Amino acid sequence: MIERGKFRSLTLINWNGFFARTFDLDELVTTLSGGNGAGKSTTMAAFVTALIPDLTLLHFRNTTEAGATSGSRDKGLHGKLKAGVCYSMLDTINSRHQRVVVGVRLQQVAGRDRKVDIKPFAIQGLPMSVQPTQLVTETLNERQARVLPLNELKDKLEAMEGVQFKQFNSITDYHSLMFDLGIIARRLRSASDRSKFYRLIEASLYGGISSAITRSLRDYLLPENSGVRKAFQDMEAALRENRMTLEAIRVTQSDRDLFKHLISEATNYVAADYMRHANERRVHLDKALEFRRELHTSRQQLAAEQYKHVDMARELAEHNGAEGDLEADYQAASDHLNLVQTALRQQEKIERYEADLDELQIRLEEQNEVVAEAIERQEENEARAEAAELEVDELKSQLADYQQALDVQQTRAIQYNQAIAALNRAKELCHLPDLTADSAAEWLETFQAKELEATEKMLSLEQKMSMAQTAHSQFEQAYQLVVAINGPLARNEAWDVARELLREGVDQRHLAEQVQPLRMRLSELEQRLREQQEAERLLADFCKRQGKNFDIDELEALHQELEARIASLSDSVSNAREERMALRQEQEQLQSRIQSLMQRAPVWLAAQNSLNQLSEQCGEEFTSSQDVTEYLQQLLEREREAIVERDEVGARKNAVDEEIERLSQPGGSEDQRLNALAERFGGVLLSEIYDDVSLEDAPYFSALYGPSRHAIVVPDLSQVTEHLEGLTDCPEDLYLIEGDPQSFDDSVFSVDELEKAVVVKIADRQWRYSRFPEVPLFGRAARESRIESLHAEREVLSERFATLSFDVQKTQRLHQAFSRFIGSHLAVAFESDPEAEIRQLNSRRVELERALSNHENDNQQQRIQFEQAKEGVTALNRILPRLNLLADDSLADRVDEIRERLDEAQEAARFVQQFGNQLAKLEPIVSVLQSDPEQFEQLKEDYAYSQQMQRDARQQAFALTEVVQRRAHFSYSDSAEMLSGNSDLNEKLRERLEQAEAERTRAREALRGHAAQLSQYNQVLASLKSSYDTKKELLNDLQRELQDIGVRADSGAEERARIRRDELHAQLSNNRSRRNQLEKALTFCEAEMDNLTRKLRKLERDYFEMREQVVTAKAGWCAVMRMVKDNGVERRLHRRELAYLSADDLRSMSDKALGALRLAVADNEHLRDVLRMSEDPKRPERKIQFFVAVYQHLRERIRQDIIRTDDPVEAIEQMEIELSRLTEELTSREQKLAISSRSVANIIRKTIQREQNRIRMLNQGLQNVSFGQVNSVRLNVNVRETHAMLLDVLSEQHEQHQDLFNSNRLTFSEALAKLYQRLNPQIDMGQRTPQTIGEELLDYRNYLEMEVEVNRGSDGWLRAESGALSTGEAIGTGMSILVMVVQSWEDESRRLRGKDISPCRLLFLDEAARLDARSIATLFELCERLQMQLIIAAPENISPEKGTTYKLVRKVFQNTEHVHVVGLRGFAPQLPETLPGSDEAPSQAS
């Protein structure tokens, strides 16, 4: 037998009055005896705190404060502790003989709230020899000890081998450990469970009948049937899920068209835009390529035009240059003509001026003679005037000498003055400022020598002058002629120059005679040279146009070659026209074929899409229509096989469901009629009695009872006889066994157990041999095991059935798809690929276009070559007649030679014309130049100069002679003052002086008159000279101008200049005509270039815009493609058949779909916003986002338990396959899941009956309990009338209320609540929902009413109420109820705890003095019978006979309180035996 766990001791550390006290607890009753305030309640509070460390529940009050809500005077738990670390520990030993110490560490928290900190812990594996006080205290000396903190306690225990210390952060974990180790009777999972446990302990502690427990006895005594509730909840959850699934199916069925519509329109909306963008991208690429080709072609054309323009511009520049040259030549020729004409006029003027000059020359010579005579007369007058002047001077001198003679002093003064005057005059004339009277003699000799030299030179010059006077006139005439011809020169060079000029004049006359023949020869050669230059220009132009230089010898052969080429090119051009027509015809045929293929391509693509879908669905490749028809036959055969297998699996699944339903019957009855018969007979099914048989014992009992394992056990068979008469609604074999259902055993049979079998001796002559069944069904455990295996098998079968059903419907749909394909697409599906042929034709078309382009280029080149050949022939026709001129290389040299000779002859003619007369005059007198006399004028000047020098020297010598002669007079300085007076001589001299002065005046007047006449002669001479010089200068200017003109003014010069001018005018006109043609062609070319440039610029702009658009679209398209590929929707969007629609058709298709989508997503805010964002034409990726959002939305709407795919399109296809099958299966499942109302009533009744039997068993244990007048205590359990009526209606009249239970809108709980309201309309349900009420009605405890009754004296059985009982009777009754609750908890928790553990039982009773001795004895008997421990507190007058008693006395020692404890074990006549460890331990700590 399993021993019950016990509490060994209670240890208090640092409590109020208890420093370190351990109370050993008795196995039955431990009594705490002592006066008021001795510490009994503190000890019990420490026990309760260690048992339930929940501060929200702990509330300690004295019994004298009954009804009070506030704490006691010692402040509850806070007041029972001392400062510092406190402990309360329980030392227990469980059924496994494991010592477990559980407890709490308590510590007061400072503050006004007076809180307490609690930390629960547990110690396992502690040796028996170690006392709890040794763990938590440390002895300091003999009189002092210290309480260890929790961390030190932990370290101390971890150091001990085999000891485990656990600290708990939650009370739930703490109680869980206590429950698992058998310390408490019930698992306290929640705060509600802890509250019930605390209320139980509190009721036990304070005694009496607790209203909190009696009001909720059902919660304390009746276990919660969680299995039944969970079964109902699972059933309802399954039904709810089933119904939700059915509703989802119905919603899906209703949404299927919406799904189809949404997917179809979304696909049309996005795919049309997707394909439109793809088409536009291809079109843009084609346009970009076309623009690039056109751009390349235009650039080539522009380059050709530019080359042409450059050529024409170069030719135009040449013509412009030539025109400038021609204009210059023409202007030069015109100017030359004008110059010739001017020269002729100038020559006439020159001849006229030369005649005038000859006349002026004669007049000038005559006037020179008149002037010479006037000059001679002028010289005579000057001599006479000079003589008169000298006479006046002489007279003045004589007048001065005469005065000197008048008086010596005067004379000396005069002499002195004259000497000074002579000295000053000598200084001035001799230019000797330092001259003195003393040095005058020396200077006189010098100046006399100079006078002599000057006189000799003057005489020599006078002789020379007389000799040169005769030759001067002829030499001057010849010299002037030489100067006129040659220009200024030295006189000594005149003879040589004159001879050279005469010889040159002869040569120049000979050259001048050759001018006319040379001019005619030059004109002829210049004409030939111009023709040669024109031929060279034509040849150079021809070579430039041909791009090659040709020799003159090659031109005739080239002319023939070009004519042959012209003929050949003419044939090629005609042949090219025919070839071009053939190519264009083939191109048109290709275009027509491509159009027909493009019309057929969408039909073929649709057939291929359908064929690909069929191939994907069936995993086969079809190459011909025969493959399709053969596979269709295979599909039909497979469909038949799948239907047969599905039906077989469905039959097996139904059989399993039936077996599960049969085994799931309550009580283990496989026949519902047995339950009704058992209730009718007042018996119990045998299977229900053995419902708790373990799985190991089930085969034995199943074989033991054999066919009678479904028997009904009745108390009395005789009472059943009357019910058997007329009984028809029963199994074929009905077994009835007489026995007490509460104490039934298997002793009714004589059994011999064999190996896996039994032999049952039914009678002496009848045995039954039964083998143990392989699958036993006897007992709940066996049935549950079987049901579990059946459920597993059913899951496999259901999955297989679902798979087969899906395969069947999939096969059927595949058959329908094949049928549609055969009817619609079989005719075109296996034809050749039109797109491949289109690609081939397009490549051929590109080749044809390239060939046409090349052909056009070749033809253009041939035309250009043809035109070039024609131009070359034309040019050669102009060049060939002039080949002889081109071959004449010396023509230019001869022209230059003749031109040089002509220039020389013309120069000679101009020389003869200009200087011929002067040479003729010079020739007879040239000999006078041989002896060139000195220059007459120079000689005259030298003579006059020598005269002046001789005169000056004579005057200087005279002045110095006078100074020398008057050297003595310088000493008469004193006599200068003595001069005065006049004399008569002086007067006479004065008169003569006046006459001389008059004569001088007349001479001067005559000189002045003759000078005026000379001036007139000179003026006439000057006028003639001026006229002659002017004429001479004009003549020189005219000759110089004629020389500057540089033309020969002969008689034929004007005619030649006019002919030359006319020729150049003709060339200039031709050049201007060609230039105008070139300018027009150049203007046209420039216009063409401008057009090409504008076109090129437009093409470049269009190309770059298109390229930028392509690049931009490419980036967006890449994002679109990336998004498409990432989301796997390319197959849905890339619909190739749409590629053949126009952009307008696709845009119209997209717009129509957009309108439909706006209506479809009007109620979906997310899709509506995404759709609105997708309407931006610049953001095509947003349409993909919308398509993905639609797919995601549809994926979220897809029930994955119905349709196993993420693709909404496939989901719709699978949906149609699954919906009908699931609807049928779920409807059947709902019927099977839905438990019948009768079954519910039977389950509740059976549960109520079982609990009533259990309460009856509990009552048997309280029959002998008596307290005072109370003789017995019992629990009365009754079914409430309203609930009993509900059970009757559920079992008997459920057909009348099927509207509730068959409603798909109500769960079973709600239907049950509605039925309860319908049966009890007078009851107010308040604010509770039907679901809540229904769940309460599924709990059997709500069907029962429980009350405690006591058998008191003569009153009999009365309801136990505190007012009807004495205090002791109430305490005893309450304790009886608590014992019943604890026992009920143990029974309830037995299946949750290990089978080898029996939990501790312990209750409290404070203030037990209110019980009499008989009641105390009753408690002791109750504790002994129930193996329960009891801690009671009583005053000192209580003396229990059994158990352990502790005497507690509170003492005060040196202001310190401590409790003195003495422990006694039992009462007897002998002296009480002192328990070990009863001595008072010191209560003080250091």
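Placed from the backbone N, Cα and C atoms, the Cβ positions cover glycine too.
Listed ranges 37-73, 444-480, 740-776, 925-961; the one Swiss-Prot annotates as coiled coil is 444-480. Contacts of Lys40 (ATP binding site) defined by a Cβ separation under 8 A and a same-chain sequence distance of 6+ are given as Leu32, Ser33, Gly34, Asp1406, Ala1433, Leu1448, in order along the sequence. Ranking the binding-site residues Asn36, Ser41 by other CB atoms within 10 A of the CB puts Asn36 at the bottom. Using the Cβ center of Gly34, Gly35, Asn36, Gly37, Ala38, Gly39, Lys40, Ser41 for ATP, the list of other same-chain residues with Cβ within 8 Å runs, in sequence order, Leu32, Ala1433, Leu1448, Arg1450. When averaged over the coiled coil (444-480), pLDDT in the model lands at 72. Considering only the binding-site residues Gly34, Gly37, Gly39, the Cβ with the fewest other Cβ atoms within 10 Å is that of Gly37.
In sequence order, Leu1448, Val1449, Arg1450, Val1459 make up the list of same-chain residues 6 or more apart from Ala38 (ATP binding site) whose Cβ falls under 8 Å from its Cβ. In three-state terms derived from DSSP, Ser41 (ATP binding site) belongs to a helical segment. Secondary structure of the region 'Flexible hinge' (666-783) per DSSP, as helix, strand and coil residue counts: 44 helix, 26 strand, 48 coil. For Gly35 (ATP binding site), the count of additional Cβ atoms within 10 Å of its Cβ stands at 12 [all protein chains shown].
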